[in-house]
Amino acid sequence: MTHRLAVAVEAPQYSGLGGLLDYLGGPLPPGSLVRAPLGRREVPGVVWDAPPADPAQAPLPDEALRPVAQVLSSLPPLSAAWRQLVAFTSAYYQRGLGEVALSVLPPELRKLDDEKLARRIAKLRKSAEKGATPDAGTAAESAETAKPAVPDAGLEPTLTEDQRAAVEAVTAGADSTFLLHGVTGSGKTEVYLQAAAHTLAQGRQALVLVPEINLTPQLEARFAERFRGRRLVSLHSGLTPAQRLKNWLLAHLGLADLVLGTRLAVFASLPRLGLIVVDEEHDPSYKQQEGARYSARDLAVYRGRLERAPVLLGSATPSLESWQRAQQGRYKRLDLAQRIGGGVLPEVRLVDMSLLPRTHGVTTALSPQLVDALRERLALGEQSLLFLNRRGYAPVLHCTECGWKSGCPHCSAWRVFHRSDRTLRCHHCGFTERVPRACPQCGNLDLQPLGRGTERLEEQIAEALPGARVARIDADTTRAAGALQERLAAVHAGEVDVLVGTQMIAKGHDFRRITLVAAVNPDSALFASDFRAPERLFALLMQAAGRAGRDASQAARSQMWLQTWHPTHPLYAALRRHDFERFAASQLAERESAGLPPYTHLALLRAEARTVEAATAFLEDAAARAGEFTEAAEVLIYPAVPPPVARVADVERMQMLLEAASRGALQRLLWQWMPVLYELRAAHKGLIRWAVDVDPLAI
Ligand code: ADP
Ligand code: ZN
Ligand code: ZN
């Protein structure tokens, strides 16, 4: 007997609503993994719930359908909730169902046949029974897995009043979303830990999301220490394919109690999900920037509602979206008002750079005041941290005679001067050349760097503070495996006096000996065209400030220095008072009057082509076709414009913004429009790529 199966496969073309193809096969529950023929290939697929019959279209006769090739029957089917999450992601972010479903499953799953998979699963179950531990990629290792209930009494500190109220609210509030607002060191992680302990004690699983893979080991260590005897697995892109499969399987089989991971972990299959934590919920890394451009934070909220699990969003500087929802009462706000142990936040000091005597050529020098402060910390044996959001020696090299600058021939961007290997490198396309001996335009031998990057800052610090041990952490110094951990360990061990780096070092790290943090040149974000730039800058500076004085005994003397040309800017005024609420209120007022999110809803249509004309033509045709739909009346479609970096690797980019007061109206238009865009794409031969970005981070 043959049954009809609706299967989600990665179809090469847009396969319409749902993206399901019909196959023949035995009776299989939805959520089963199969392999199915597609053209001349055999592709993985997930058996889906049969869509309602379409009265406008007669179904294909059985004879026209092909049978599925293989069934991975040893894998328990993916749950209805998981399928619903995938279906929502596909619909909301306008990508094929099969594409989303398969891109969020571990890639190894595609390679194994049923027999191999069955053996792996049997092995995992067996080792779980013995209480033996999963190895690589798994942090909590213990022989007591079988022991039930709260294994961690005694390790927990007594909660503060605020923390207790937060834990109680979360543990009592099935299917609510909570916004936990508290500065660095106010005890947010302790709230996550105790909320998770409660979830585990109920026999349910907890999912904890962190923005960056670099930050997973620290949080993982803390969870592992607390939950000895529980099985904790991580899911992030830094795992080997085999580790990722194993950890995913442990979660899917219900053998892991806790899953800790980056944005892709929001799709982990968790049969007993009881809590979702999103740490640093404001962080832009939660937004996927290719394929289905989903926001893991937003999907976490959706998933929590779907599976009746509380969602705990934590941040010192919540996103304005979440903040507004909390104000509207859609999220429950929980505040941790103080740093644990009464630690105070660092004093914020502004250095007015416009008052400094102008030294030739150099605009953003180190101020003498800051150098003095660094010298003082050095004498006391305390550490300082300086950050600058630019790697390399200088962002541009220029000719003092004719004004030539080190542009990239393939991009609309400058090539960065890297002094260590005397190269000019494009940070957009990677194009690298040795620094020319003379100006390529006039032959002048005097080529000078303009501005500064971390490499130059490191050099300047070393000159200004002879004898100081200076370390630099940025993408250039941490490329080698283990290099980052090694450098961080040196900082923790007190082998470094001054740490210089990009924003990589401003986030999350629990440095104990740092008493001074300085932002060398934070101004550029104040006047950026990106409407979220101030929000991001404020979050970064608050977070950086949180790196100072983490040890309560030193907190009173800790300082955060800002070198600025705009010392009266309201953003800095709010930062001085560590006043997120005031900052958020002023930002929200600005967003409201400018008609920006969260007061409006946006989508971007991006196009890439060899020529600006080809990219623009596609967007203009797309806009014209959108006008045919009645939904377009509620959506404002802006003219096509180039993004800030318009040309990358000889490809021209253009984009078009869609804005609507209602999320529903925007979604309805996108739904109508997508098939048209696929159709148009075929007609525009000059087009290389196009994509829709719903709720884009930058416009
Ligand atoms: P956050 O996540 O907000 O930065 P943490 O949860 O990491 O804050 O807390 C900061 C420090 O205070 C940590 O070392 C933590 O172990 C400690 N801590 C947290 N809560 C308590 C408490 N109730 N009693 C004692 N120490 C605590
Ligand atoms: Zn020249
Ligand atoms: Zn380039």
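Indices start at 1 and increase along the chain as displayed.
Keep in mind that glycine also has a Cβ here, set from the backbone N, Cα and C atoms.
Going by TrEMBL, these are the annotated features:
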- CYS399, CYS402, CYS439, CYS442: Zn(2+) 1 binding site (BINDING)
- CYS408, CYS411, CYS426, CYS429: Zn(2+) 2 binding site (BINDING)
- 169-336: domain 'Helicase ATP-binding' (DOMAIN)
- 126-155: region 'Disordered' (REGION)
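Here the features listed in TrEMBL are placed on the structure.
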{"residue": "CYS399", "record": "Zn(2+) 1 binding site", "DSSP (3 states)": "strand"}
{"residue": "CYS408", "record": "Zn(2+) 2 binding site", "DSSP (3 states)": "coil"}
{"residue": "CYS426", "record": "Zn(2+) 2 binding site", "DSSP (3 states)": "coil"}
{"residue": "CYS439", "record": "Zn(2+) 1 binding site", "DSSP (3 states)": "coil"}
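When averaged over the domain 'Helicase ATP-binding' (169-336), pLDDT in the model lands at 94. Listed in sequence order, the residues PRO409, HIS410, ALA413, ARG415, HIS427, HIS428, GLY430, PHE431, VAL648, ALA649 complete the 8 Å Cβ shell around the Zn(2+) 2 site centroid, once CYS408, CYS411, CYS426, CYS429 themselves are left out.
Using the Cβ center of CYS399, CYS402, CYS439, CYS442 for Zn(2+) 1, the list of other same-chain residues with Cβ within 8 Å runs, in sequence order, THR400, GLU401, GLY403, TRP404, PRO440, GLN441, GLY443, ASN444. Here the Cα atom of CYS399 (Zn(2+) 1 binding site) is found 18 Å from that of CYS426 (Zn(2+) 2 binding site). Ligand 2 lies within reach of CYS439 from the binding-site residues CYS408, CYS411, CYS426, CYS429, CYS439, judged by a C-beta closer than 6 angstroms to any of its atoms. Around CYS426 (Zn(2+) 2 binding site), a 10 Å sphere centred on its CB holds 21 further CB atoms from the protein chains shown. Remark: CYS439 (Zn(2+) 1 binding site) has CYS399, GLU401, CYS402, TRP404, LEU445, LEU447 as non-local neighbours, by Cβ distance under 8 Å and separation of at least 6 in sequence. The distance from the Cα of CYS411 (Zn(2+) 2 binding site) to the Cα of CYS442 (Zn(2+) 1 binding site) comes to 22 Å. Ranked by Cβ neighbours within 10 A across all protein chains shown, the binding-site residues CYS411, CYS442 are led by CYS411.
Spatially close to CYS429 (Zn(2+) 2 binding site) yet at least six residues away along the chain are CYS408, HIS410, CYS411, VAL648, ALA649, judged by Cβ distances under 8 angstroms.
Fewest other C-beta atoms within 10 Å: among the binding-site residues CYS402, CYS408, that description fits CYS402. Checked against ligand 3, the binding-site residues CYS399, CYS402, CYS439, CYS442 give no residue with a Cβ under 6 Å from it.
CYS442 (Zn(2+) 1 binding site) sits 22 Å from CYS426 (Zn(2+) 2 binding site), taking the C-alpha atoms as the reference points.
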